[in-house]
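Record features, source Swiss-Prot:
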- 1-38: topological domain 'Cytoplasmic' (TOPO_DOM)
- M1: N-acetylmethionine (MOD_RES)
- 84-1104: topological domain 'Cytoplasmic' (TOPO_DOM)
- 312-433: domain 'C2 1' (DOMAIN)
- K344, D345, D404, D406, D411: Ca(2+) 1 binding site (BINDING)
- D345, D357, D404, D406: Ca(2+) 2 binding site (BINDING)
- D406, D408, D410: Ca(2+) 3 binding site (BINDING)
- K817: N6-acetyllysine (MOD_RES)
Amino acid sequence: MERSPGEGPSPSPMDQPSAPSDPTDQPPAAHAKPDPGSGGQPAGPGAAGEALAVLTSFGRRLLVLIPVYLAGAVGLSVGFVLFGLALYLGWRRVRDEKERSLRAARQLLDDEEQLTAKTLYMSHRELPAWVSFPDVEKAEWLNKIVAQVWPFLGQYMEKLLAETVAPAVRGSNPHLQTFTFTRVELGEKPLRIIGVKVHPGQRKEQILLDLNISYVGDVQIDVEVKKYFCKAGVKGMQLHGVLRVILEPLIGDLPFVGAVSMFFIRRPTLDINWTGMTNLLDIPGLSSLSDTMIMDSIAAFLVLPNRLLVPLVPDLQDVAQLRSPLPRGIIRIHLLAARGLSSKDKYVKGLIEGKSDPYALVRLGTQTFCSRVIDEELNPQWGETYEVMVHEVPGQEIEVEVFDKDPDKDDFLGRMKLDVGKVLQASVLDDWFPLQGGQGQVHLRLEWLSLLSDAEKLEQVLQWNWGVSSRPDPPSAAILVVYLDRAQDLPLKKGNKEPNPMVQLSIQDVTQESKAVYSTNCPVWEEAFRFFLQDPQSQELDVQVKDDSRALTLGALTLPLARLLTAPELILDQWFQLSSSGPNSRLYMKLVMRILYLDSSEICFPTVPGCPGAWDVDSENPQRGSSVDAPPRPCHTTPDSQFGTEHVLRIHVLEAQDLIAKDRFLGGLVKGKSDPYVKLKLAGRSFRSHVVREDLNPRWNEVFEVIVTSVPGQELEVEVFDKDLDKDDFLGRCKVRLTTVLNSGFLDEWLTLEDVPSGRLHLRLERLTPRPTAAELEEVLQVNSLIQTQKSAELAAALLSIYMERAEDLPLRKGTKHLSPYATLTVGDSSHKTKTISQTSAPVWDESASFLIRKPHTESLELQVRGEGTGVLGSLSLPLSELLVADQLCLDRWFTLSSGQGQVLLRAQLGILVSQHSGVEAHSHSYSHSSSSLSEEPELSGGPPHITSSAPELRQRLTHVDSPLEAPAGPLGQVKLTLWYYSEERKLVSIVHGCRSLRQNGRDPPDPYVSLLLLPDKNRGTKRRTSQKKRTLSPEFNERFEWELPLDEAQRRKLDVSVKSNSSFMSRERELLGKVQLDLAETDLSQGVARWYDLMDNKDKGSS
């Protein structure tokens, strides 16, 4: 066959290549052979393209060398060059991975069926949903519709961004006034729906669709801020996830659907290919951070429990409830343990294999919990409980991931997933679940809690929860959903300006906030908030309407949740009048409470057999008109979870330095000093130290105690003032966060005084946690006497917590009229009054009170029940010594009032306050180290008694004083004294602890007291005396006395100690029970001594 000049040999049909399907598949012109007919000269366009490619390559390499040259020119280290090179390589790797992922995803979507046939042996997760799950259907017809609409959707997006979003961005910040969208293209690759699954829904008036969507688009959106020559944008994006669409409610008019709700059941996966300045987000580290932030933003409005609601008809009812419906149920997740975990810790470069430090992450939707870390354990025991709200069944999954805690990056140990539908079917699921991606198993107990719309079983649930040990939080008995709708006629700001109202809703220590609605006093929020409740009978909902600055309060509302328990179906849907607001200011809310009930045959609610009055029903005289049985009378109280969780904060105000001088004399010509004192404020209490005259470096050494709770946000406020005749001058202030002390347990710091040129304050703060054991009480009393200062009140040895629940069978007025009773609780000089319950003989108070106890052996709780406007209905005196011998130092039962009519149900709980920084905690181990006789004198710390470094000496002293090897008391008894010289304050200190085995001369025991006299002086200036104890042979005093004198003078003195008793009520004569005289020259006062001394008669007064 004749060929034209320039043609090569004709290829055979078998060798004939198919025509490329895409123009980009054509070989480049630069690589084509020259046409022979053209004289062997290359084509012009091909040569120009090759030259341009060479120049471009050379320019790029030159640009890479420019930063290296600049680094050398300015003298930077080669490390900066290497660091920049590492950043570039990391960025390049992330970019290549994203582009490779985009190409693979586009190839999959372009020919899904062919690729599916080729990849049948690929992993299950790479297959489309319609292959993986037989009940998921293909929806090609829907994809064709989306592809047809896609260009018009792009036009709408371009218009929306240019006309709505861009002006909003320009108005948000002055620096963005030149912000504009330069390019908005959704591209030619539309969103694809891989599979569709239809559910019938919970109710007949709704339809559920699960759309398995996959978007691998060539979208390109570019923005520019012309003022700063800044360009950024997106070029390519991937989004994969399951989108649930709910058509609800179905109605009888067009369009037959009232609204469409959309949300992702689980977090979708997102991958964005950035351009321009946003290329920096592809740097390793920033890439994961930016993707996480974007996913958090998407989850905030489009991942359960959040959803997007699109109403299709006007005036749709219950829009807020459609946007935030009630949960389907609650799952209580008990994370118990794990076993057989893999070991990730390696030592000596991997030669020695260690264990792991495992912790677990528990997720359900956007709800995430983290367990504590168990160090060095492959079979950890967590024993933690979490409660999660389940909104959609089926669909949501419980996910547990186990990690090994490391200083740098935590190692993955495995994960497990479980559909919540299986928990719903089983009600209680307790099993070991294998970990995927690792080795080992995790032990979970999963309980499905149903939501009940009546309070019939609330007492049963509370009784069960009371016996359940749960951490980190107590189990919940109910949930509360608050639908915040709108407010009316809120007060205006100063200058009659419209406020920007927002709402804070709080239950105990949980606070949630609404969005702010700007420039209106009639805001509409339409938001929902959810709370877990431990005891709905006693908790309250606190609502604060504020301006968005949080400084101006527009109104407040406190709503006891007990009101909901009597409302129909536990729902309140109404207007609420606001206090501290305008006369017509009100708030519209819908409150829905649901009781959490575990309906399982495994659960047996405990009862107390033999409880007196548990079923106190008068069968002979039933009440007429009652169709239900009388409720059982509870045997024990049911306080809320916060009862008994208080701490005591012990505040040592020690000294200050470099205070400013405020005193002036002669019209300011002569500069004096200051007379400083300290004021403290915490938890609604205030304290004040004594005044130190004329001193810029004062020492107070005072101790204050206050009962505190772990409510966040509390601060100890400390202010220093100069005492003056007219107005006290300010010397500075400082603050300490209470959570810092509660978490650490101890804080000893010099705090810089604020708002003044100079000055600092030395504080020592200690958290005392009550312990339910009396084993350490004696040591606590002794240590308190040692650290007691002369200017401070007596330190507390225990904390008494009282929970007043109710009373029954109180006496009536003349006839059958009920009283309005209330109760008063008194311990020492502290008292608490409960609220008044009107017109009842069986009041329910549900109140608690706490008291500081200084001498638990002698103090008592005095309770009186009174009627408003009448006298005492009954009283009760409870000696605290009964609590000291009770189990766990607690009494929880019915007490009969002294009047004989009426009973009260209360819980009295005592906790011993043991200081962790005085050495008392080690006393239980001290007997094994004590072998010295009574004649040996253990050393005492010569420093001030509050210094924590004296703990070993203090522990040694307690060991010898209370040693069981001590000699028996003499015929007249013994007195226990502690003596030392406090060198920093130049004081001789003596503590009279008590006496034992005193002599009884008459028929009745004596009323002893101790008198101390510093000889040779016999005047009132050196005489000290304890309080008097009634009718006892072993009195306890624990009282401290001080004498100001130099050490050398103290060593020349003698201390005369006399134990006396009043002989009769009418006589001034004192009976001497015994005495002892101590020669201080023979005592090492700098080290100190503490011991028992035998009492002698008046003829033989020498020390022994």
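Quick reminder: no glycine exception, Cβ is built from N, Cα and C everywhere.
Features as recorded by Swiss-Prot, highlighted on the structure.
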residue	record	DSSP class
K344	Ca(2+) 1 binding site	coil
D357	Ca(2+) 2 binding site	coil
D404	Ca(2+) 1 binding site	strand
D410	Ca(2+) 3 binding site	coil
Helix, strand and coil residue totals from DSSP for the domain 'C2 1' (312-433) stand at 12 helix, 59 strand, 51 coil
Around the recorded Ca(2+) 1 site (K344, D345, D404, D406, D411), other residues with Cβ within 8 Å of the Cβ centre, ordered by sequence, are S356, D357, F403, K405, D410, L413
Within 8 Å of the Cβ centroid of D345, D357, D404, D406, the other same-chain residues by Cβ around the recorded Ca(2+) 2 site are K344, G354, K355, S356, P358, K405, D410, D411
Residues lining the Ca(2+) 3 site besides D406, D408, D410 (CB within 8 A of their CB center) are D404, K405, P407, K409, D411
Within the same chain, the residues at least 6 apart in sequence whose Cβ is under 8 angstroms from that of D404 (Ca(2+) 1 binding site) are K344, D345, S356, D357, P358, D410, D411, F412, L413
K344 (Ca(2+) 1 binding site), Cβ-centred 10 Å count of other Cβ atoms over all protein chains shown, is 21
Around the Cβ of D406 (Ca(2+) 1 binding site), other Cβ atoms within 10 Å, all chains included, total 12
Cβ atoms other than its own within 10 Å of the Cβ of D410 (Ca(2+) 3 binding site), all chains, total 17
CB neighbours within 10 A of D411 (Ca(2+) 1 binding site), counting all protein chains shown, number 18
Out of D345, D357, D408, the listed binding-site residues, fewest other Cβ atoms within 10 Å surround the Cβ of D408
